[in-house]
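Novice: So Swiss-Prot lists these for the protein:
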type     : residues : note
COMPBIAS : 106-125  : compositional bias 'Low complexity'
COMPBIAS : 126-140  : compositional bias 'Polar residues'
REPEAT   : 163-202  : repeat 'WD 1'
REPEAT   : 310-349  : repeat 'WD 4'
REPEAT   : 357-396  : repeat 'WD 5'
REPEAT   : 399-438  : repeat 'WD 6'
REPEAT   : 440-478  : repeat 'WD 7'
Amino acid sequence: MGSRLNPSSNMYIPMNGPRGGYYGMPSMGQLQHPLFNYQFPPGGFQHLQQQQQQQQQQQQQQQQQQQQQTQVQQLHNQLHQQHNQQIQQQAQATQQHLQTQQYLQSQIHQQSQQSQLSNNLNSNSKESTNIPKTNTQYTNFDSKNLDLASRYFSECSTKDFIGNKKKSTSVAWNANGTKIASSGSDGIVRVWNFDPLGNSNNNNNSNNTSSNSKNNNIKETIELKGHDGSIEKISWSPKNNDLLASAGTDKVIKIWDVKIGKCIGTVSTNSENIDVRWSPDGQFIVACTRDDHLALIDLPTIKTLKIYKFNGEELNQVGWDNNGDLILMANSMGNIEAYKFLPKSTTHVKHLKTLYGHTASIYCMEFDPTGKYLAAGSADSIVSLWDIEDMMCVKTFIKSTFPCRSVSFSFDGQFIAASSFESTIEIFHIESSQPIHTIECSGVSSLMWHPTLPLLAYAPEINENNKDPSIRVFGYHS
């Protein structure tokens, strides 16, 4: 027999053990076989399991507490680093602001000396009483002295000159502001030399054309002919002051060397072009077409690298950020599509994000001189300002009830000018978002601030009753 249940115990007692051994009844308190010598606590095995579970839970809680303490310490370290970075950035911004203030003060001092010298020279002139005096200086305007900014622009005059015999479509300064070009529906690009001091200088290597300019510091130097249709947009190289690209409805992009007055390259895009832009390093060009294609052109070889088709999106304008890392496209959906530029990749571009902000088609966009902000003008009459790093809209400017056609930042980033189909150009102070000055004119197709001076060039529409000149430059002080 294997075992038998003892009536006086809850335990099985082996019955075949040796006589005289150490087996005994549990109730007698004698030494028992090691198998039965363990004193079980109240509750038996369930109590042991509960103790083990409690110990495991305590260990897990301790581990979680340690992890939380570690995370809190890491977060504290990150916040401390961010705080130090913010302090460094604020210090750098303060230093840059002081440097800018010193520069502006030196400029004001120089202008004051020049003005004093001019007044002394003209004091004996009989005609000096007929010369309007403008005393407001261009400086760093803030929300506390907006009246001075308004007064400054109200004292400015406009100088105009005639070149295009048909509608002007685009106007652009070269990188150093020594040349200004305009394009027209007649398929001709016209280039003028520009000297802010009034010293005109013709290009002896080009076929000069006569100028009807009313001032002596802008003089037409050359006509560039080669397109078979209207030229919709022109763009200067940011690295070469004599290279110019033109986008025509004849389905080609032309690269011009203004110094010799000749086309040095032609690239077919297989569709009517509406916009063209150089990359900041001058190595690439992007062009968008009327049938919503984007052409990427390599400049050293002057060949097309790739043509992209965007279905369902009517492209209106294309552009680069100031670092050349992003290609942005404005479309008829009121959105801006941001693409990462990958020059060494076979695809060359990768979609990053869509910027939603307008209820109607976006016609124009432009980066500020620092590259921090992007302005976009829309058919909903709103100009939006975007922080390109965060890709968030941070500010808006209300132009009017008319669609915005062109936007441009001043050289120092203080002001933004916006034109529309109506007969005005509005100048806004960016920091305060306030309108500062209105330029009365016919509808403007294109405008652009000078790269180093507070001068605004624009191409007015031709009015049948009052034909405007091809190009006007606003911002002169007497």
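Placement of Cβ uses the backbone N, Cα and C atoms for every residue, glycine included.
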Novice: At a C-beta cut-off of under 8 Å, are there same-chain residues at least 6 beyond the repeat 'WD 6' (399-438) that contact it? List them, or none.
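Specialist: Contacts of the repeat 'WD 6' (399-438) (Cβ under 8 Å, skipping residues fewer than 6 from its ends): 140-143, 146, 149-150, 153-154, 360-361, 363-370, 373, 375-383, 385, 444-454, 456, 458, 474.
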Novice: Counting by DSSP, what is the helix, strand and coil composition of the repeat 'WD 4' (310-349)?
Specialist: 0 helix, 20 strand, 20 coil
Novice: Please work out the mean pLDDT for the residues of the repeat 'WD 1' (163-202).
Specialist: 82
Novice: What does the DSSP secondary structure composition of the repeat 'WD 6' (399-438) look like, as residue counts for helix, strand and coil?
Specialist: 0 helix, 23 strand, 17 coil
